[in-house]
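Features reported for this protein in Swiss-Prot:
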type: BINDING; residues: N28, L30, G55, E77, D103, N122; note: S-adenosyl-L-methionine binding site
Amino acid sequence: MASIDGLPPLREVIRAHGLSAKRQLGQNFLLDLNLTAKIARLAGDLTNSDVLEVGPGPGGLTRGLLAEGARRVLAIEKDARCLPALAEVAAAWPGRLEVLNADALEVDVAARLTPPIRIVANLPYNVGTELLTRWLSSDWPPFWESLTLMFQKEVAERIVAKPGSKAYGRLALLSQWRTDPKIVLTLPPDAFTPPPSIHSAVVHFTRLEAPRHPADPKVLARVTAMAFNQRRKMLRSSLKGLVPDIETVLREAGIEPTQRAEEIPLEGFCALARRLAG
């Protein structure tokens, strides 16, 4: 990568700028430029796309995205210590990198980017799930074409989980309702500085133009929240109080009242949401 952008290896970058990952910000720096380039390639053809990156840190993935031909990258970094390193990346790729020192949860990113837009990020562990939920809960089709995101491996497995498994829950339902998510890369702890205690995984989400099954998003969100907040209870108990005769509504949706949330596929929850919406 250094031969492409003329910048030094990332270990030299963090040493020169005195950078160290802050656990309270959910940071773990990925310093292998071969891996960051691979993640950028897994995002697909970037040549005609704007790219949103959250938590770029010292800019390893940022460099990969630019080298893979991203039209423009908006990198949102909360940690001001990383800004000088990112400024060096911006100087190496004139006019193609905008660095925003902000909290990604508070930025209207769609207003700052030009479609088509792809989101590619090694998400900070402490906000990754919240950001994903927001991106999946927006008006559909959303402002983005695809998501290529790194999570703790446990979270990635929850995203792709199937009914009947311990990992299956609301995150799987929301992800699989509107996208086709796949784990495309697993990384060991020693790929990062400092090494986290767990493995990480990259998930690529291909958006669907329409949800797999019709359902009102707000009703579906409420039903799944109630069902999985008490996942070991029978649905007739966990959903009690939702409507006067929940057992009848469950049966009309093709669900036995004695079943539990983890047994019900996406299609079943969507059918239940439609019955409740009337």
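Heads up, the Cβ atoms here are built off N, Cα and C, so glycines get one too.
Locations of recorded Swiss-Prot features on the structure.
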residue	record	DSSP (3 states)
N28	S-adenosyl-L-methionine binding site	coil
G55	S-adenosyl-L-methionine binding site	coil
E77	S-adenosyl-L-methionine binding site	coil
D103	S-adenosyl-L-methionine binding site	coil
N122	S-adenosyl-L-methionine binding site	strand
Number of other Cβ atoms within 10 Å of the Cβ of N28 (S-adenosyl-L-methionine binding site) across all protein chains: 26
Residue with minimal Cβ packing [other Cβ atoms within 10 Å] among the binding-site residues E77, D103: D103
S-adenosyl-L-methionine site span - longest C-alpha distance across N28, L30, G55, E77, D103, N122, in Å: 20
In the chain carrying L30 (S-adenosyl-L-methionine binding site), residues 6 or more apart in sequence that have Cβ under 8 angstroms from it: T36, G57, G60, L61, N122, M150, L187, A191, F192
Around the Cβ of N122 (S-adenosyl-L-methionine binding site), the count of other Cβ atoms that are within 10 Å: 27
Cβ-Cβ neighbours of G55 (S-adenosyl-L-methionine binding site) (radius 10 Å): 26
